[in-house]
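A.B. asks: Below are the structure tokens for one structure; questions will follow.
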Amino acid sequence: MLDILQRLARFLDRPLFPWKRLIIGFSVAQFLFEGFLGIRQYGVLKRTKPPKVLELEVSQEVFDKSQAYGRAKAKFQLVNNLIGQIQNIALYQLDILPKLWSWSGNLLLRFAPTRFTGEISQSIVFILAFMLLNQALSLPSSIYHTFVLEEKFGFNKQTPQLFVTDLIKSNLVAVVLAPPILAGFLAIIKKTGNQFFYYLWLFGAALQVFMITIYPIAILPLFNKLSPLEEGKLKTDVEGLAAKLKFPLHELYVIDGSKRSAHSNAYFFGLPWKKHIVIYDTLIEKSETQEVVAVLAHELGHWSLGHTTKLFGISQVHFFYIFSLFSVFINNNSLYSAFGFYKQHPIIVGFLLFSDVLGPMDTIIKLLMNILSRRFEFQADAFADKLGYNAELARSLIKLQIQNLSTMDADWAFASYHFSHPILSERLKALKWESKEKVETKSDEKTDVATATGRDEL
């Protein structure tokens, strides 16, 4: 395998090869393709009648609001993607990367001790500066989305103070975590030679396990409060379901998701022998007890059917594929030269450029992963159905659709490319749901919930 990769590396390292035009071409082609899909979806969002399966469940007023919200998000996404595309082209055409790399080196030479002026230290400064630059460029659209678009439809729960606080905390987390991770990444490549991708793969797997362990303990509490679920029927029923499935439940938590939005969800985390279930306070507020249990039956279906393990295994294969291919480009002189790096070939810059080269293949992988994810969702729904929660799960899905003003229908091509979950009408059909009466929510007069993507995450 190593020999094949080395021969491929020599074949692709051609003087004057137009890497810049190729990468920009890939980016523009993807933008146009996604724009085409967006136009197809916009046509669906102009429909005036809900899907047949939802005719009895969704009032015309709610459907009209959902369609208007969907169109507003679609327009925002199109403009935002266009701005991002212009910024991306400017980044390459104006040689921002070599200028930022040079600035990072000069900064270290001026202010840091000599032992901190090597490639690893410079790469850390470069990446942190690059992240801040991207954040500054995306900040106006983030503010508009939160305080204009979401505010217009009554969905925003964030205050400006909370928005700024989250931004500061996110940056602090990045400053703490990025340097050691990046240092480990670069040190492995430097010390293990041509076979670095084997060791990098092991490093990535260990890092995943570490983040799964540390995130709920040290990072999540910075943004949300986890409280033990109070004693009562909900806790008793969930614990009973977990015991029935032999799920290694350690603790049941409620998360204060309502301080940012009224989006409802539930999930579990933890190591294989010690799991924690987290329920959004909004899910408890908006749903009946058995409907919450049905949602958790769906989530536990993912665990019982091995979906989480399978996805972890797939991610490891994906990591190995990425790191193996990176070994082909890490010393590609023509790639570095095309982007203004004539004398220095920083590894981290090579990885960024390689990621752009990999764009078209990642698009295909994203499509395949969405297909697999939707299949898993159907299987988890069927699992909850077999446990006897058919009606409760269907009602919960319908309530979330109404409360969130989620997209009621979708173009098949747009959904295949973008959605990791089936649309509601497909899930209800698979559950063989037959409406006999209108599904009432606890607050039918207030459809004040929205998600950023218009998709339910159950």
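The backbone N, Cα and C atoms fix where each Cβ goes, glycine too.
Bear in mind that the values here come from a model prediction, so they are computed numbers and not experimental data.
Here's the feature list from TrEMBL:
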type     : residues               : note
TRANSMEM : 22-39                  : transmembrane segment
DOMAIN   : 41-225                 : domain 'CAAX prenyl protease 1 N-terminal'
TRANSMEM : 124-147                : transmembrane segment
TRANSMEM : 167-189                : transmembrane segment
TRANSMEM : 196-223                : transmembrane segment
DOMAIN   : 228-432                : domain 'Peptidase M48'
BINDING  : His298, His302, Glu377 : Zn(2+) binding site
TRANSMEM : 311-330                : transmembrane segment
REGION   : 438-458                : region 'Disordered'
A.B. asks: Test of understanding: give the count of other CB atoms lying within 10 angstroms of the CB of Glu377 (Zn(2+) binding site).
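C.D. replies: Neighbour count, Cβ to Cβ under the 10 Å cut-off: 23.
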A.B. asks: Show which residues of the chain containing His302 (Zn(2+) binding site), separated from it by at least 6 in sequence, have their CB under 8 Å from its CB.
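C.D. replies: Counting only residues 6 or more apart in sequence, the Cβ neighbours of His302 (Zn(2+) binding site) under 8 Å are Thr308, Phe376, Ala380.
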A.B. asks: Using Cβ atoms and a strict cutoff of less than 8 Å, what residues sit near the transmembrane segment (196-223) while being 6 or more residues removed from its termini?
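C.D. replies: Same-chain residues near the transmembrane segment (196-223) but 6 or more away: 166, 169, 173, 181, 184-185, 188-189, 269-271, 276, 312, 315-316, 319-320, 323-324, 326-327.
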A.B. asks: Using a Cβ-Cβ cut-off of under 8 Å, list the residues of the same chain that are 6+ residues beyond the ends of the transmembrane segment (167-189) and lie near it.
C.D. replies: 119-120, 123-124, 127-128, 131-132, 135, 196, 199-200, 203, 207, 219, 222-223, 330, 347-348
A.B. asks: So if I draw a 10 Å sphere around the Cβ of His298 (Zn(2+) binding site), how many other Cβ atoms end up inside it?
C.D. replies: 24
